[in-house]
Amino acid sequence: MSGHRKRVYPQSQFQYANSVPAAGQAAAPGYPPVAGMPQADYSQQAQPQAQPAFLTPAQQQLHQQIDQAVQGVGNMQLHNVPVVDPNGFYQQQPPVTTPGAVPSGAVPQMQQQYAQPAAIGKAMNQLYPIDLLTELPPPISDLSLPPPPLMVPPEKFVVPSETANAPPDFLRCTLNALPKSNSLLKKSKLPLALVIRPYQCLSDSQNPIPLTSDGXXVRCRRCRSYINPFVTFVEGGRRWRCNFCNLANDVPMAFDMSTQGVPTNRYERNEVQHSVVEYLAPREYAVRAPPPSVYSFILDVSQNAIKNGLLATAARTLLETLDTLPNHDDRTRISILAVDNSIHYFSIPTDEEGDHIKMLDVVDLDEPFLPMPDSLFVSLSECRSNLEKLLSQLPEIFQYNIMNKFALGPALKAAHNLIKRIGGKIIVVSSTLPNIGVGKLSKRNEAGVANTSKEASQLLSVQDSFYKNFTIDCNKTQVTIDLFLASDDYMDVASLSNLARYTSGQTHFYPGWSAAKLTDVTKFTKEFSKHLSMDLSMEAVMRARGSSGLRMSRFYGHFFNRSSDLCAFPTFPRDQSYVFEVNLDEQIVRDYAYLQVAVLLSSNTAQRRIRVITICIPTTESLPEVYASADQLAITAYFAQKAIEKVFSSGFEDAREFLNKSVQDILATYKKDIVVSNTAGGAPLRLCANLRMFPLLMHSLTKHMAFRNGIVPSDHRAAALNNLESMPLPYLIKNIYATVYSLHDMPDEAGLQNENGEVVLPEPINATSSLLERYGLYLIDNASELFLWIGGDAVNELTMDVFGTPEILQIPIGKNELPVLENSEFNARVRNIISKIREHSDIITYQSLYIVMGASLSEPVNHASAREVATLRLWATSTLVEDKVL
């Protein structure tokens, strides 16, 4: 490979996006100086940032207009920040605090009294106005920027540290400066909501957070918030004042003692140093001992599942995953139900009792019973050999099955009866529409209804109330349902997905799946295996709290809303995200507000744990400061949830109209209340720099499969809506606005490992077909699939280096893997990039690769794969959301 001569492929003669200034080149001013504890001096005021030495004519005109506006309306305090380069807006700013060493036993003297006002002129994010019409093409590098920083001075922390405010990966607010009044919030037209992801990895052993294991979970006796880095100790440290409700609470003696009774320094405790902490919960937080991990598998053994190979693939994958199934304490239990027009139980003895496995058939679907309850639900450790034997023989047992019925409803009730005393997961693997017994479904007539005002009500509604009512029973008994649906026929994802939605589960949809396709098998086995290996936490509840004036009002995600503010999770997933809408019920009088999320659950290590996440957010009476601190990605996530809600309540047209109107309202408010003068000689479209990608994201959302106009199969539409409901924020943004890499002209280091052993990815380009050269090679990543686009006029050298064939018409299009070419370094680099993109430790998704050939003038009109090529092109180009195609 080292002797391979590097090829130079054709490249564009004009760099389309090079003229766009990089976002975030200068840190925003306004930070107080950082000093060590406890002699910190926070009185120094922020200094104005110097003007840039060179300005473009547009920037000079913009500066003159803003200067005139500031002079003319200075008393109105509309612009109370220094003017800087509008293209130098917020970037990852240096922390406002640095870790300070606290002498052992010493009490920091830098805390203010709870109600003491902040210093006049506190540092806030600054408003950097831009003209959207001059920001073309949109600077997509902004999508990878962090949100505007939380401007919290060190004196607000018990112990200043970089971890004293929760990182945005766990908890981020749509507004990082909260309006003090509801009238100001309404005036802004910006939403106030939280995007929550309490767990960042599929396994708790990856990137663990600080754990407090002494059993002392200190909480406010009035509002029940947990002690956190923003409380104050008063009365000589004997009491602590709650930052949520202002109540002074006694500090328990155990707070200053180790588990061995040795005095310790309270300022070294995790809960006052970190805003993301976990507790080993004391006994009063559990109504029973933590249950074991429980899995009940419902396997479709009907004719469809035999023919397409799903049963054999699922059984083999489960067999290979037994070693990685969570079983830390050897208490994990398993049951297997095979289902067609009957329910087939398997009585599995322990390995010591022998290897005779009995299959017990129950044909009464109206009243399914448990023939031998004690041996149908067995220990993984004690029955390991017999479980392996059963899974190996399962495809053979049903290989000649000709039944085309699938009794999912009765099977769900049977599995629920098996595990309801303990709780756990019911995992359904099916390729057949439930067509017998309770919950029977039928194929809907999509002709004449798709792409009409009746589409949502007739194609996406639940056919049978069983799929909602049954979830109530599951929540009472701590049972989650996960679905793996793989078929080339209609599955009614809209009805079935309710089972997962209201039990904190997930629906995984594999349209057109067949075990005859290696790529289909690879995707299913990798995702099914990762799902089974994910840590299982049971009996979970999550609650969010706000300081005075803040209240959680609406909740979005996969869970069961048990009360006005308590979300219940029979099992807590590691690969989902949630959105909570926040109401401003009363005037906020303080300079800082607080939000806290707590998750209580039973881990699969037989421990009851509490994860607490707290953030401190400055408050303001200034509309420009509210806009300057708006988080465009979190706002997009919120509007996506509201649009999904709108689909089910009033249809797709109203959902698209809602998204468009939301953007129009924000632009109109900014123009009316923040832009202070008109611009001569043009009609600029003004917005602040930290929101400049927001209109594009919302426009892209209207083109998403979940919302776009046109005929979309209802199963695909329902699956897209289901994914948007629960997708973690980074993947949600990528699913809305795909990442496009240009590979034929990528830098020399791209596709190779850097000094840290990480594969270097090329810089993304804008998602528009105007940038796709007819001779180029591009990779499109939308978080669900990967598209490798080869231009129709690509030179033979490029196709030879990538695919091993000089003829472009011989390239294997469709769902395929890139061939391994031993003598092509370029092929290895492209494969490295694909592998890097597929690496995920926080979600189970494995992205299939689709090879797409672009149009060419020399392309035969009626070649054999013309229809498939056209379909693939349309699908791939639908991700290029900057085009006016859809």
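Cβ coordinates come from backbone N, Cα and C, glycine included.
What Swiss-Prot says about this protein:
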- Cys220, Cys223, Cys242, Cys245: Zn(2+) binding site (BINDING)
- 31-51: region 'Disordered' (REGION)
- 220-245: region 'Zinc finger-like' (REGION)
Distant-in-sequence neighbours of the region 'Zinc finger-like' (220-245), which means Cβ under 8 A and at least six residues beyond its ends: 107, 111-114, 156-159, 161, 164-165, 251, 266, 271-275, 545-548, 592, 594, 596, 598, 610, 612, 614, 616
Reported mean pLDDT - the region 'Zinc finger-like' (220-245): 96
Those binding-site residues listed as Cys220, Cys242, Cys245, and which of them has the most Cβ atoms within 10 Å of its own Cβ: Cys242
Tally of residues which DSSP labels helix, strand or coil - the region 'Zinc finger-like' (220-245): 0 helix, 7 strand, 19 coil
CB-centroid shell, 8 A cutoff, Zn(2+) site Cys220, Cys223, Cys242, Cys245, site residues removed: Arg221, Arg222, Arg224, Ser225, Asn243, Phe244, Asn246, Leu247, Asn249
Surrounding CB atoms that lie within 10 Å of the CB of Cys223 (Zn(2+) binding site), all protein chains: 17
